[in-house]
């Protein structure tokens, strides 16, 4: 059973304590009403994993846990099998005592692009919206964050996060809650808020930007990473039924348009930190994610286009500040 009591106790003593007015009731309702048909199977996989305390833990350069002496073949097989019960693994990679989870996305590459542009994370309280398996939460801790909180309603991601946490010595510096941003009150409590790979899934992107702003302290930093297209500040793509085979893609602005949106929502010091084309080396099918991936979503005769004829995915990182 995945519990959230440790998180409640943690925030009861800090500047997030006002979240306890709504959060426990929301989590209780989620536990009663909204569990996925496979959730019991996934949570059992987490429960059956051994509790491990790393002899060496690297969260600065990767998410790697090692034991002082190599695990036995039986121990490795047990961990490997239980982690494979949580497939597909999309965000990573993780290296856990000799079990290497080669995820669909090289999320470490994204982190390497983002990190140089951030304010120092040392001592910061961070929110990661749409955090997936929580890979970047661990990297935030590795970069010095005091507390990293992720929210993502996808229940498989919660189980993946808890599995990794159990193998990292039950580390309580990072937490994942099965919520969407719309379920959060205006906490105004986070020093840095990340939204990576979320904006294009929102029917109202400006509302999403306001929701992110409501989570930041004054002078707090927003890190926004999303799909963009080429163009000026008035260029926005509104795809038809699908974009790169994804149904729920609503608005893909140019980076200059996105900068303008952020300024319209009252952010200051907005800058475009990075723009890059997503490659089939960064997002691909692996033995830990065996279904279709980016290569299947691009026009086989013209890799600069999706199968629907739109510009192929490129992603921008924008940094902004709440006044």
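Positions of Cβ are set from backbone N, Cα and C atoms, glycine also.
These figures come from a predicted structure and were not determined experimentally.
Per Swiss-Prot, the feature carboxy-S-adenosyl-L-methionine binding site maps to 91, 105, 110, 130, 152, 153, 154, 181, 182, 196, 200, 315; the stated evidence is sequence analysis.
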>> Max CA to CA distance in Å over the carboxy-S-adenosyl-L-methionine-binding set 91, 105, 110, 130, 152, 153, 154, 181, 182, 196, 200, 315?
In response: 26
> Which residues, sitting 6 or more apart from residue 91 (carboxy-S-adenosyl-L-methionine binding site) on the same chain, put a CB under 8 Å from its CB?
Replying inline: 103, 104, 105, 107, 132, 133, 134, 135, 136, 157
> Under DSSP, is residue 110 (carboxy-S-adenosyl-L-methionine binding site) helix, strand or coil?
Replying inline: helix
> Which one, from the binding-site residues 110, 152, 154, 182, 200, has the smallest tally of other C-beta atoms lying within 10 Å of its C-beta?
Replying inline: 182
